[in-house]
Structure formats: C-alpha cells, structure tokens
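Written out below as structure tokens is the structure these notes cover.
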Amino acid sequence: MTAAVGVAFVALLVLGVPIWLVLGISATALFALEAQPLVGLAQKVMDELNSATLLAVPYFVAAAVFMERGNVARALIGAAEAWVGSVRGGLGLVCVVSCTIFAAMCGSSVATAMAMGTILVPAMLRAGYERHFAAGIIAASGTLGILIPPSLAFVVYGVLADEAIPRLFLAGVIPGLMQAGLIAGWILFYARRKGYGRQEGLPLEEKIRRTVHALPALSVPVIVLGGLYGGLVTVTESAALSAVVAMLLSVFVYRGVAARDFLAVLAEAIRNAAAIMIIIAVALVFGHWVTETGVARRAAEFVTEQGITWWQFLIVVNVALLFLGMFLEVFSVLLLTMPVVVPMLEPLGINPVHFGVVMVMNMELALLTPPVGLNLFVIASIARAPLSEVVRGTLPFLLLQLGLLVLITYVPMLSLWLVSLFYG
C-alpha cells in the first residue's frame, strides 16, 4: 500500500497538482495506512509550525514585499550608478551591485529580480543594450537573492535540516560574492565586445548626494546581520527587525508605499508567507513520516552499503536537483528532497552547512531553467519579451553559475572558511 501511495504521489506531481496538496494528500494517506486518527495529523501540522525559528519566514517575506514596493531599489540603483555607471557596460554592473545589496536586505530572488528589473530593464534598453542581454543580466543577478544572507532559502533549509541558520548565512557570503563577480565579468566582456557606450561620469558632489540618499537602505544589512552576529538578536528577531525597518523605509523615508496602500501591501506579504508556510508544514509532517518509518535510515544504509563516496553522491544530488528544478518551484524542490537526503549526509561525511550552500545554488539554477524558472517569467513580463529570448540572454550566466556550482560542491572550504573563521 505504501508503494501505491508513492505511485499516486508521482502521478499527482506529473498532473501539476500543487506541491503542498500532493504532500498533504500523501501524509494523510500514510497516516490512514498506519491506522492513526486523522486528528493526529492536524495536531502534527500545528506542532511543526509551532517553531520560533520558522517564525522568521513570514518576517523575511514581509521585508521582501515592502522592499520591492517601497522605492528602496531606486535609491540603491542611484547610488550604484553614481560610482560604476560610467564604465563600459556600466548599467549592467549597476544591476549586479544593486542586486547584491538588495539581496542582503530581503532574502528573495523573485523580489530582487522584480524590483531591479522594473527600473533597470527599460534603462538598459534606452542605453542601447540588446533586449535578451538586459533580460539575462536581471534574471541572473536576481538569483543572488537566495544566496547572499539573509536568505529565506537558508532559513527553510536550516529548519528542515535542524542546522544553525547563522552558520548557513555566513556560508553563503563567499559563493554569493563569487557569483556576483562572475556575472560582472561576463557583462564587462560582452559590453566591450559589442562596443556599448559609456555613461557620462557624475561630479563627486552628486555621487556623495546619491550615496547619502541610499544610506538608510544600506544600513539594513548592517543592522540585521550585525545584530545577529554580534549576539544581540536571534534569527527570528533579526527577521522581525528587517521587516520593521523595511516598512519604515518604504513608508516614511522613500515614500514608495502610501498610507492608503499599506494594508494592501501587508495583505500581499501575508498571502506570500502563507503560501510558503503551508508547504513547509505539510513537508515537515511528510518528513516526520519518512523518519519514523525508517525510510530515511534505510536509504542511508543503502548508500553506505553500495560503497558510494561523498563526491559521487553529490554528483547524483546535483543532477537530480537540476532536473527537478526544471519542473518544480524552488521551495517545492527543497522541501521534497530534504527529508530523504539529509540523513545520508553524516554517513558520507558531508558537512550539512556546505550541503546547504550546494542545495541553494541548485535552487538558483532552478530559477533560470525552463519551463518553470520563475525569474524567466518575471523578466519576460517586465521586458515584454518572449520567453525564448529571455532564455537566450540567460544561457551564458546559467553556464557560469553551473561551473561555480561544481567548484563550490567539490571545494567545501569556499563555503566553510568564513564559518570556521567566525565559529572556530
């Protein structure tokens, strides 16, 4: 009967049933097979959601929504343009710099791509950038939102893997900066090859004025991450702080959210958070069943008995995640695979913090791979371009990120060095 549930699980996924419903139906069927009262399932869902760490999720979602809607991106773009906009391909570099900073404020790739794309895609098109290139820059730079801390994906991974979230945040810093550097490098190379023009440089006074205007936004990652690593706040408190600061900046400083729109923006944040939380809840229940019935233990034993090494295991995981990422939404892939994969890490000697970075980098690639890559659809809508054109512009960046994934996968110290430096 359990096999029948598994077949039904796959069939529902193929039919396009939402992942939270697939996991919920599967968990309900498995509870029924064990002759457990279904009221226990409801209680289990509530027990799993009753987590202080998990409370960080809606706060980070709220911060992302307010940052996206609150003219914060415009201030960051203005400051970045003042300093790097005059080089060849400068608007592309402005995008990378702005997305890197914005990612350190909101933790969401889609919010980053949407906030930056709305402003920078039209600007790049006016400057003579090819539409596919402009779209590719935004789509690829937007993926930094879930790698550079604070990251919503790392929070979810930390909850599922029972791993310290501050360590995961630190582990994402170097890979995130390396990725930003690769994207910037390709932009400079392509802009020089195509002979894109330069923007006129701004006087020092204007550069300083724009930087001062952006200082309130630039202070957000300093306050949030500084408080976290200074031991002043927990992860949940830092997420709440991020949400409050984002609201204040959006309403009172940059005035992107009017008083009459405040409740509508808040409602959007609640809907987005609820969509993620329901997936997490049913995935945690499903993961509990996987653990309690010994499925995860048997899978781990099978891997060790077959003599599979850690590097072979990571090849299989990367290929599987890349494949799943083509057809499922980012958090769905994360929540679907974690209950089975995490128990295998310890027997193979894989550091769970390093593996978290590998997982999140795979999720970045999922945002750029058709037919379900969400960043592709966001940018196609903003640029008013066919999806095929956006995919074409994204392809070079996708290949660069794939190469970086291989490097990070097999050189763990690139993600663990800061963690070991800070925590010993």
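Note: Cβ is positioned from N, Cα and C throughout, glycine not excepted.
Per TrEMBL, the features are as follows:
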type	residues	note
TRANSMEM	6-33	transmembrane segment
DOMAIN	7-413	domain 'TRAP C4-dicarboxylate transport system permease DctM subunit'
TRANSMEM	45-66	transmembrane segment
TRANSMEM	91-121	transmembrane segment
TRANSMEM	133-157	transmembrane segment
TRANSMEM	169-191	transmembrane segment
TRANSMEM	212-232	transmembrane segment
TRANSMEM	238-257	transmembrane segment
TRANSMEM	269-290	transmembrane segment
TRANSMEM	310-336	transmembrane segment
TRANSMEM	365-385	transmembrane segment
TRANSMEM	397-423	transmembrane segment
*Okay, the transmembrane segment (310-336) and the transmembrane segment (269-290): do they have at least three CB pairs under 8 Å, pairs separated by 6 or more?*
yes
*Sort out the residues at least 6 away from either end of the transmembrane segment (169-191), same chain, that have Cβ-Cβ distances under 8 Å to it, and list them.*
87-89, 92-93, 96-97, 99-100, 103, 133, 137, 140-141, 143-144, 147-151, 154, 225, 228-229, 353-354, 356-357, 360-361, 364, 396-397, 400-401, 404, 408, 414-419, 422
_Of 6-33, 45-66, 91-121, 212-232, 310-336, whichever stretch has the most CB pairs under 8 A to the transmembrane segment (397-423)_ = 310-336
*the transmembrane segment (310-336) vs the transmembrane segment (6-33): three or more C-beta pairs under 8 Å (separation of 6 or more)?*
yes
*Counting only residues 6+ away from its ends, which parts of the chain sit with a Cβ under 8 Å from the transmembrane segment (238-257)?*
55-57, 59-60, 62-64, 66-67, 69-72, 74-75, 105-107, 150, 155, 216-217, 220, 223-225, 227-228, 265
